[in-house]
There are 2 protein chains.
Amino acid sequence: MKIVKTKEEVRAAVKEWKAEGLTVGFVPTMGYLHEGHASLMKLAGENDRVVVSIFVNPMQFGPNEDLASYPRDLERDSSVCEEQGVDLIFNPEPEEMYPQDFSSFVDMTGPTEELCGSSRPGHFKGVCTVVNKLFNIVKPDKAYFGQKDAQQFAVIKRMVRDLDMDLEVVAAPIIREEDGLAKSSRNKYLNKEEREAALILSRSLQLGRDMLEAGETDVAAIVKAIEDKIKTEPLAKIDYVKIVDASSIKPVETVKEQVLVAMAVYIGKTRLIDNFIFEK
Amino acid sequence: MKIVKTKEEVRAAVKEWKAEGLTVGFVPTMGYLHEGHASLMKLAGENDRVVVSIFVNPMQFGPNEDLASYPRDLERDSSVCEEQGVDLIFNPEPEEMYPQDFSSFVDMTGPTEELCGSSRPGHFKGVCTVVNKLFNIVKPDKAYFGQKDAQQFAVIKRMVRDLDMDLEVVAAPIIREEDGLAKSSRNKYLNKEEREAALILSRSLQLGRDMLEAGETDVAAIVKAIEDKIKTEPLAKIDYVKIVDASSIKPVETVKEQVLVAMAVYIGKTRLIDNFIFEK
């Protein structure tokens, strides 16, 4: 496994592989890798070669967000990648990705507008721009994203379709701790009490899933039940609880086809997200 | 030479060529081809295969601009391409490029802000988006643009650099009528009197060039002389006359390095552009 810092090194490696007719799978990450990321790398193993990028992308953090404190541990990350048989880690410095007079961006209306799009203005512009760049550098056959960032997956899928990027984007299931908490690099911020309180996300989602499986189709009723459940947890503060069309991320009033039930909840100062997709 | 309407057909042709190790040159156009376009195709002949796109891109026209009346003539365009040894024309319908729920875009700060960027809001967003898509569809080794759209060239070059697109963009010199008028599909709009009046663009630019070559470095003085000259033509109305850094398209006060002297002038209802680059 090689770790490289420059685009040129990635390009050279990929070019060589492609010349040999090998396929390339790609897992873009911000590092501090957990079992969720490992599951993406495992999936990417269906390709001949696997590239992982580790880059805490400044452009997708808002001015009051956790860019500076976002956890980083390249050494540990490298062993996770090594274990999963990754061939190449791309770990650029911000200057390698954004030269001083950098001025282009990729953005989107539609799927970016609800959920995290409204609570994190500019977030998806940063995500689209960096992922667009990474796709152009790595030129993967397939790229892998976690279903935990369900809206991010819908946004990337739309960008690839709209801009005619020649690759397939694949979503992988959410990986959870034994007690149900969705794995996240941000779980590291939680103290013991908050860690316990954070279970309210998966538990309240389970309540929503139970209602849907029992045949409830009224979105407002399901959202209210979930919110009421979250409010029983004193350390939790709701950012949003929403039920939207899973591919357009547009609000729905009645559950008809495939919906995404998604939430962002602050536990203390830590903003956590979780979701599931329900097919009627 | 083949004319195709779908992205899939382009992809299939290019894939075959690349598998044989052939290089691909690309000339994106809005059709109604003139000698300027032909000169780009001739240059593109340095590649093994040449693709031309003919697509009047709705996204780069403002609501009060000439989208509906923009001249179209596929038959004549085909013979121009045929003569230049073009291998493939991509002539999509708008629906092929923009499905109903299309929602992504590429845009830019910096080089888009002056000149046509301020008089045609949204124009470069449309240009960047469609060119980004076309690059992803055609995957050329090199793409060719006319120096006549000097700002467009600077913008595309910046987009390719910023988004790490793997191709080279090449600018080709302005092609002029014998009397000096820069070739443009929009020249077709001019009646006989306006055609004569339109010479004020190249003539006033020549005045600016004379001043620069004589050593004048004061941008305000040169711009004023050019504007005064244009004002002697009653059918002409200045949109802008500007001298900017040729690569960043930022205003300069004194001519030091490479500058772009650019103008947009209405002759009657027709908006024409012209420019030259001066290296001190």
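Glycine is no exception: its Cβ is also placed from the backbone N, Cα and C atoms.
Straight from TrEMBL, the features:
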type	residues	note
ACT_SITE	A:His37	active site, proton donor
BINDING	A:30-37, A:146-149, A:Ile175, A:183-186	ATP binding site
BINDING	A:Gln60	beta-alanine binding site
BINDING	A:Gln60, A:Gln152	(R)-pantoate binding site
Tell me, in order along the sequence, which binding-site residues from A:Gln60, A:Gln147, A:Gln152, A:Ile175 have their CA within 10 Å of the residue listed as 'active site, proton donor'.
A:Ile175
Which of A:Gln60, A:Gln147, A:Gln152, all binding-site residues, has a Cβ with the fewest other Cβ atoms inside 10 Å:
A:Gln147
Helix, strand or coil at A:Met30 (ATP binding site), per DSSP?
coil
What three-state class does DSSP give A:Gln152 ((R)-pantoate binding site)?
helix
Using a Cβ cut-off under 8 Å and a sequence separation of 6 or more, which residues in the same chain sit near A:Ser185 (ATP binding site)?
A:Met30, A:Gly31, A:Tyr32, A:Leu33, A:His34, A:Tyr70, A:Pro71
Using C-alpha atoms, which one of the binding-site residues A:Gly36, A:Gln60, A:Ile175 comes nearest to A:Gln152 ((R)-pantoate binding site)?
A:Gln60
Where A:Gln147 (ATP binding site) and the residue listed as 'beta-alanine binding site' are concerned, what is their Cα separation in Å, rounded?
18
Given the binding-site residues A:Met30, A:Leu33, A:Ile175, which one is most crowded in terms of C-beta atoms within 10 angstroms?
A:Leu33
If you measure A:Gly36 (ATP binding site) to A:Gln60 (beta-alanine binding site) at Cα, how many Å is it?
20
Where does the residue listed as 'active site, proton donor' sit in the DSSP three-state scheme?
helix
The residue listed as 'beta-alanine binding site' and A:Ile175 (ATP binding site), Cα-Cα, nearest whole angstrom:
23
A:His37 (active site, proton donor): tally of other CB atoms within 10 A of its CB:
26
Reduced to three states, what secondary structure does DSSP give A:Gln147 (ATP binding site)?
coil
